[in-house]
Number of protein chains: 2
Amino acid sequence: MIIMGVDPGLTRCGVGVIEAGAPRRLSFIHVDIVRSDPKLSQDLRLLAIYDGLVGKIERFVPDVVSIERVFAQENRNTVLGTAQAAGLAMLAAAQRGIPVALHTPTESKLAITGNGKAEKPQMERMVARILGLNAPPKPADAADALAVAICHALRPQGALQGGEREQHLTAAQRRWAEATQQAARRRGVRRDM
Amino acid sequence: MIIMGVDPGLTRCGVGVIEAGAPRRLSFIHVDIVRSDPKLSQDLRLLAIYDGLVGKIERFVPDVVSIERVFAQENRNTVLGTAQAAGLAMLAAAQRGIPVALHTPTESKLAITGNGKAEKPQMERMVARILGLNAPPKPADAADALAVAICHALRPQGALQGGEREQHLTAAQRRWAEATQQAARRRGVRRDM
């Protein structure tokens, strides 16, 4: 399964692509930043981000697009552009019938390091280790895009969009999901990997 | 000139189309609500809104798309979806080379009633009067979309997106723009029409 992770942003939108093979065997395919020129007007910036994301989706044909969830409480100066970039990623996927999943940064950190409050260097090291890379991926701020892709692979059902997800979980998966949700609620509680 | 106004929303996205003819002669063309089913997942809702907006743009071929500006301070439960819907309207316009303008609700109220804090019934009456309608447009919550289209027609340069706008203003237009901006800053100060 090809998973494309997206760390949304209007100026820099991270894209990370991995392959999830035999149980929990994850391999690195691609990482990049899709950019828009801050000097352009907002409509042209959104067009640049959309076109960049469509290019990545058409090149790598992911089975799922995993996007970092945006919260209204975030930095007021950037949150709307970030939300719009996330919306464009969802649109680009939906137009091609590709399922979309949303994961919070805490969920990514928890899934990858076992600590929902893990710092960036720890996340980068673990992303590299999980993907069998000799060094943390560059550019450094693209690691978040790989992280949200890895998070989707490591979570049991991957929090696909839509209300029917829970019904498709096995009993074990449901217990896992409940435990993860509880842990996420407690933010940062350590979990055995 | 055909102006399409968009009152962005993820559940209900207002679209109003007017024609601006000889000096300040505005006429009504169309008003409608583009909807998405709240029971669908967010990616499919964004796709529905985008497809609806594209349908309107391709039907009416506006010369400019005037969108109500979204602020990060707005209702936390809806602001991200509203921002995403606005982003889709910008994308749909930019993909067709149609200029985009953003106007705040205060600017619309000021341009239409002379009062930046005008209440909804007053706005609806003035929208109907300006467009020569016998009754306020239905559905009622589509009046905001017509209002942001009218606002664009009545403002001197229409606040087109992009940093170069100011350079193209005449001295009189610049004074008008400055006065409007000051009035908008003071929010609700009365202005002679």
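Quick reminder: no glycine exception, Cβ is built from N, Cα and C everywhere.
Predicted, not measured: the structure shown is a model, and the values here were computed from it.
The active site annotation in TrEMBL covers B:Asp7, B:Glu68, B:Asp141. Residues annotated as Mg(2+) 1 binding site in TrEMBL: B:Asp7, B:Asp141. The Mg(2+) 2 binding site annotation in TrEMBL covers B:Glu68. Under the heading compositional bias 'Basic residues', TrEMBL lists B:184-193. Per TrEMBL, region 'Disordered' is recorded for B:160-193.
Long-range Cβ contacts of B:Asp7 (active site) within its own chain (separation 6+, distance under 8 Å): B:Cys13, B:Gly14, B:Val15, B:Gly16, B:Glu68, B:Asp141, B:Ala142, B:Asp144, B:Ala145, B:Ala147, B:Val148. Most Cβ neighbours within 10 Å among the active-site residues B:Glu68, B:Asp141: this distinction goes to B:Glu68. In the three-state DSSP classification, B:Asp141 (active site) falls within a helix.
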